[in-house]
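Trainee: Checked TrEMBL, it gives:
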type: TRANSMEM; residues: A:52-73; note: transmembrane segment
type: TRANSMEM; residues: A:80-102; note: transmembrane segment
type: TRANSMEM; residues: A:108-125; note: transmembrane segment
type: TRANSMEM; residues: A:158-177; note: transmembrane segment
type: TRANSMEM; residues: A:210-231; note: transmembrane segment
type: TRANSMEM; residues: A:243-269; note: transmembrane segment
type: TRANSMEM; residues: A:281-300; note: transmembrane segment
């Protein structure tokens, strides 16, 4: 029954892995960053399926990044798997703490509260001189089960690692989206009252989505920190979170691969515009966002995947 | 008479200066079919909302099968087996009829839905389809909600509520928004299905023909109070009821 | 002067500024039901426009009567409202009325992104300084501390803005209609209110207040790109604390945030950058829709 899904997963990985051979260094770095950020946006998409949009995923992106950096710096851990696991774990705990609390809020209030939390982290980190203040901290190159690559090999290894994470996380989220709980999430987005009156807890639905978003955010942040070799409080700033939302909106909630396509598009538009029109790239982005909202209200995903019943 | 499955004692509720429920005392025996009549704003929907936990009474006690359910939320009360339908059908507009039904069946089946099992699997769809067929709306299964007629929406709304182990069913105006010639067929279908399973039914209704035909007993509401509580013929011939409920307006 | 008094004075100055930048945001939300991120851009444009205007004023011989620069600042804010208000409301936002609140936040986020670059195209990326209006009012001595007179002028401006908004809402026919729309726009529509005109008027008033906030701030800072980014988030916090759409809420929210930030600056400087959000989170914990929110139960 899941053969198609598995085949798509393998196909997606082959496609991404081909990039490791074909892409020049700069493009591989760009793609690795885009995929890492795509993971964060995938978490927002999960929440969007329940009708919530978090404007504060920078919280977990930053938390994951700082956890990895501190563990690497203080405890001398450089193994990428361990770092990812630890960051994801910290974000899981924090997410499980805030999730049930935030799950009681809707619409703008959820968006603003999640944003407030990320700004609290931003404000704290910017003032904490032990953690580098606004300058942030550096993190060394990761190792892979003791293997310690350099140069292009390191780039490639990091890129392939993100590719694996993206495929695994994407597949798991697809299974979740199509599951019983996933369908109840969609129903919640539509009509909370109905869901409560069927006997399911809307709060629980939202809490799970929030926690998944937190873990994905933490993993994305860890990868970004390792790819950049540096973290700073801007990871938690609201404009960073805004970009994650941008990607989620661009992708829509229907298709998982669309999230990563959208993330790569954004990252490409950004780097090209930065190069050629440094003063108008936000302008282009804004117009682009408006067009997506008007023309493709369900995002890029609606181009490849339709909801049942739309065809009739 | 069998023991009361739903027992409402001295319930009061007001919204600011408006009294929505005053000295409400109702005792519904198991398996009975009750109807609630009264003009708009008389307190019928408030009654349904209080029994199902959407609003909490200011004072008084609501017992279900000997258990105090006053102050519980809709979810807990639903889990106990008190289900309801809505004046305006509460459906998920972006899902198909079948998916709506799958959602209902999934939640009713287990308090802990799976994060892994595919909701669109053959088993889940078959189960949903069976209920849809029972309510004769299976032909619409692949349509989205906004395309449906009022009658089909109502039936789906009720079918979703009944998908669980219903013990008490509250129907809030099951025939409002339904074409005139569909009203009796819908009520036939619904009441028959509920009676067959021994479900206790309370329905809100404006059409007195439907009230007399389907209910064993009628509660007439006026200004937040119950002014009559008796067999349909008795209530409808009551001078107060004729004056405040059925007369004039109807 | 003791600590409490210092905190109070600093807090009031900051609260005055906060109120001016957030009251327009809450007004626009109340009427249009749109939480306008571009409010921050209007603030920044107001600051730039005021900087240019004041610069031009002195360049054309304003030294003879320097106080005229205050008029130039207000005129700048008015111009921003008159040009951008209709452009944004009629040209874009009206197509999104009644849509999902969060979607509308994204629409205004797009506008925000666009305006960020438009500002760079018009004013470039180099900072503007117009300190003259700031120093014009001299210093005020309070015990051992000196305050710049202009800071108190900001408090005065906030009080005037608050009174003006309150009077025009409660003491004019038009204002009462606006309050009716805030309360229930569908109902007002059926009662024959020209909602379109109210929407445009409210948005322009909101734009003016945002631009005025920027204009008043321009002399106190160097006007540079990215000015609107922080302001909008702070203003959001204030209106969420007060309850979206509530004018008194914006005032109370501004006071709470102003005083707590001043307290944190003097007593716990580490918390300065996040105290606002902390206050907001606490308020929402106990009042999930803010202090003065209109709560409506859904009818089923």
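Positions of Cβ are set from backbone N, Cα and C atoms, glycine also.
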Trainee: Need a quick answer: max count of Cβ pairs under 8 Å to the transmembrane segment (A:281-300), which of A:52-73, A:80-102, A:158-177, A:243-269 is it?
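Mentor: Top-ranked stretch among A:52-73, A:80-102, A:158-177, A:243-269: A:243-269.
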Trainee: Can you tell me which recorded stretch out of A:80-102, A:108-125, A:158-177, A:243-269 has the most Cβ pairs within less than 8 Å of the transmembrane segment (A:52-73)?
Mentor: A:108-125
Trainee: Test of understanding: applying the rule of at least three C-beta pairs under 8 Å (pairs 6 or more apart in sequence), is the transmembrane segment (A:108-125) touching the transmembrane segment (A:158-177)?
Mentor: no
Trainee: Hey, which bits of the same chain come close to the transmembrane segment (A:80-102), Cβ under 8 Å, at least six residues off its ends?
Mentor: 60, 63-65, 67-68, 71-72, 110, 113-114, 117, 142-145, 158, 161, 165, 203, 206-208, 210-211, 213-215, 217-219, 221-223, 226
